Amino acid sequence: MSFRATVLTLYPEMFPGHLGLSLAGRAMEAGTWALEAVQIRDFAADRHRTVDDTPAGGGAGMVMRADILARAIDHASPEGDPRPRILMSPRGKPLTQERVRELAAGPGAVILCGRFEGVDQRVIDARALEEVSIGDFILSGGEPAALVLLDAVVRLLPGVMGNEVSGDEESFENGLLEHPHYTRPQEFEGRAIPEVLTSGNHAKIAAWRREQAERLTRARRPDLLGAKD
Ligand code: SAH
């Protein structure tokens with residue numbers, strides 16, 4: 001069974017975006033996964049297809065209406081749909097490789113992209129939306145965040161990357177950042193490839209890579225150390 005993504009958005013033309021190219025695009029053509037972008041405005045009730053309104057309590061910006069979003073969600077994901085319902089949101093739980101793996105092992109995802117100041121809290125509660133953030137910064141809309149999430153998931157689907165997915169050596173897979181990479185030429189602007197990598201001694205190479213991964217993680221992301229294992 002293939003992974004099925006449904007994205008609810010005010011900008012369906014932003015999809016599949018880069019996911020229509022390269023390995024993800026080929027996998028889509030092969031039927032490994034499918035993406036449907038649903039225009040939220042199609043569920044508005046007025047002539048102008050309005051989806052937002054001023055915030056209760058006052059303040060700047062506009063808020064996406066709960067009733068219209070609920071209709072869009074219910075249409076895209078009727079009761080019994082086993083797919084998780086995700087709201088891209090800077091207030092959400094930060095996306096991790098662990099959650100990406102879980103999603104890739106599941107039937108797909110229904111992803112709501114916010115715009116303006118965000119969405120009415122009542123639809124988040126009423127439809128039990130899982131809020132997911134892609135980092136501590138503010139985007140102008142959830143669409144790039146949805147593309148990021150789907151990119152991370154799709155590359156893990158069976159057959160998408162072949163043996164390019166290097167499993168436990170990749171950053172985060174073992175709680176460490178990945179070791180540095182080198183390739184030809186042997187010398188670049190006076191910098192040689194570390195000798196151990198050309199030694200042919202696989203045990204030594206593995207030990208060196210592990211050491212480098214630990215050094216990088218300690219220096220850049222000490223928060224990752226001790227988080228797993
Ligand atoms: N006023 C909100 C930000 C709204 S940004 C706040 O301060 O929390 C508009 C939309 O962009 C959000 O509804 C969300 O869907 C998306 N978005 C912005 N930053 C994001 C992030 N870091 N991760 C995921 N989605 C994000």
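The backbone N, Cα and C atoms fix where each Cβ goes, and this holds for glycine too.
Automated prediction, rather than curation, is the source of TrEMBL annotations.
What TrEMBL lists as domain 'tRNA methyltransferase TRMD/TRM10-type' is 4-225.
The S-adenosyl-L-methionine binding site annotation in TrEMBL covers Gly114, Ile134, Gly135, Asp136, Phe137, Ile138, Leu139. For the recorded site, Ile134 (S-adenosyl-L-methionine binding site), the DSSP three-state label reads coil.
Among the binding-site residues Ile134, Gly135, Asp136, Ile138, the ones whose Cβ sits under 6 Å from an atom of ligand 1 are, in sequence order, Ile134, Gly135, Ile138. Counted within 10 Å of its Cβ, the other Cβ atoms near Ile138 (S-adenosyl-L-methionine binding site) come to 6, all protein chains included.
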